[in-house]
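Novice: Once you've had a glance at the structure underneath, I'll fire off some questions.
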Amino acid sequence: MTYNIVALPGDGIGPEILNGSLSLLEIISNKYNFNYQIEHHEFGGASIDTFGEPLTEKTLNACKRADAILLGAIGGPKWTDPNNRPEQGLLKLRKSLNLFANIRPTTVFKGASSLSPLKQERVEGTDLVIVRELTSGIYFGEPRHFNNHEALDSLTYTREEIERIVHVAFKLAASRRGKLTSVDKENVLASSKLWRKVVNEVSQLYPEVTVNHLLVDACSMHLITNPKQFDVIVCENLFGDILSDEASVIPGSLGLSPSASFSNDGPRLYEPIHGSAPDIAGKNVANPFGMILSLAMCLRESLNQPDAADELEQHIYNMIENGQTTADLGGKLNTTDIFEILSQKLNH
């Protein structure tokens, strides 16, 4: 079997971190004996510059045919038209591929806890995953309108939309430490009342998982005061957007965090959580670990290569523990150095 991978370098530092990661993929495929082919497509601001829109039909169709999609980063101050922004292409891609589940791990690596803005003893050992519903909720609800006197957004969830994301979270929790925290605002929001009801019903199918409920404001506090208590957190779109960004600063650098977006039966999208960082683009100083860890998620989830994913992740953990990092993590290496060291390790 030959896996079909679509590469979307995007904007800013996206091309350099993605292209370096693809060089690692070539080494890994030879080592673990699997085949793949890459289709490169412009996306985001780069696509606006070339084609006048952030996501062309050609790119979208290629993504629909793919086994996996790797995205570098998109956006930047260059693209200011509110009706034609790079981020709109990403929203359209998620919706078109029905990428309803966003998986965001937050891990404080051994040897890197001093980088956290929180006390070391508070964050050491943190290993949590936020499962965010990605294609419904207030970002997509209708009706919506805006004028100078009034604005309206609609927060709507159906039972089916809640059930499918909650099943993803329960299955993930069952494969980890068996603890699921469901986040809502059940004390005031009707949508959250349905959310909590559905979570409780679905929990009966997963007796091995312990479930607790937290209001979103309480969860935001506990993420700071005791992040180690969490295993898997599941929440609706808006809450997940905020909480996952909050959690991402716990390790001390946005450059350490990967993410994946899943559908039930189509291609999956893998990307680091950081932005395009146009201020450092092309300077060979970007931290590529988030992109490489996203590649590891892709190896495990879409390319059926769990051993390769484990090896790649372990090499990264060892590098971080030994201080072999870029400047944002307190190290002295540049982007190219990171890829060269990993290439040497993988070739052994």
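Here the Cβ of each residue, glycine as well, is placed from N, Cα and C on the backbone.
Keep in mind that what you see is a predicted model, and the values were worked out from it rather than measured.
Okay, so Swiss-Prot annotates it like this:
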BINDING   76-87, 275-287  NAD(+) binding site
BINDING   ARG94, ARG104, ARG132, ASP217  substrate binding site
SITE      TYR139  site 'Important for catalysis'
SITE      LYS185  site 'Important for catalysis'
BINDING   ASP217, ASP241, ASP245  Mg(2+) binding site
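I would like each feature placed in context: is it buried or exposed, what are its neighbours, and how far apart are things?
Specialist: Shown in sequence order, ILE48, GLY52, GLU53, PRO54 are the residues of the chain, 6+ apart in sequence, with a C-beta less than 8 angstroms from the C-beta of ASN84 (NAD(+) binding site). In the three-state DSSP classification, ASN84 (NAD(+) binding site) falls within coil.
Here the Cβ of ARG94 (substrate binding site) has 19 other Cβ atoms within 10 Å, regardless of which shown protein chain they belong to.
Within the same chain, residues at least 6 positions away in sequence whose Cβ sits under 8 Å from that of TYR139 (site 'Important for catalysis') are LEU91, ASN237, LEU238.
Non-local contacts of LYS185 (site 'Important for catalysis') by the CB criterion (under 8 A, 6+ apart in sequence, same chain) comprise SER192, LEU215, VAL216, ASP217, PHE239.
The Cβ neighbour count for ASP245 (Mg(2+) binding site), using a 10 Å radius over every protein chain in view, is 14.
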Novice: For the recorded Mg(2+) site formed by ASP217, ASP241, ASP245, name the remaining residues of the chain with Cβ within 8 Å of the site's Cβ center, in chain order.
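Specialist: What remains near the Cβ centre is VAL216, SER220, LEU238, PHE239, GLY240, ILE242, LEU243, SER244, GLU246.
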Novice: Using a 10 Å cut-off on Cβ-Cβ distances across all protein chains shown, tell me which of the binding-site residues (GLY76, GLY275) has the largest neighbour count.
Specialist: GLY76
Novice: Which whole number of Å gives the largest C-alpha distance between any two of ARG94, ARG104, ARG132, ASP217, the residues noted as binding substrate?
Specialist: 27
Novice: Closest of the binding-site residues to ASP245 (Mg(2+) binding site), Cα to Cα, picking from GLY76, ARG104, GLY275, ASN287?
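Specialist: Going through GLY76, ARG104, GLY275, ASN287 one by one, the Cα closest to that of ASP245 (Mg(2+) binding site) is ARG104.
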Novice: By CA distance, which of the binding-site residues (ARG104, ARG132, ASP241) lies nearest to ASN287 (NAD(+) binding site)?
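Specialist: Closest candidate to ASN287 (NAD(+) binding site), judged by Cα separation, is ARG104.
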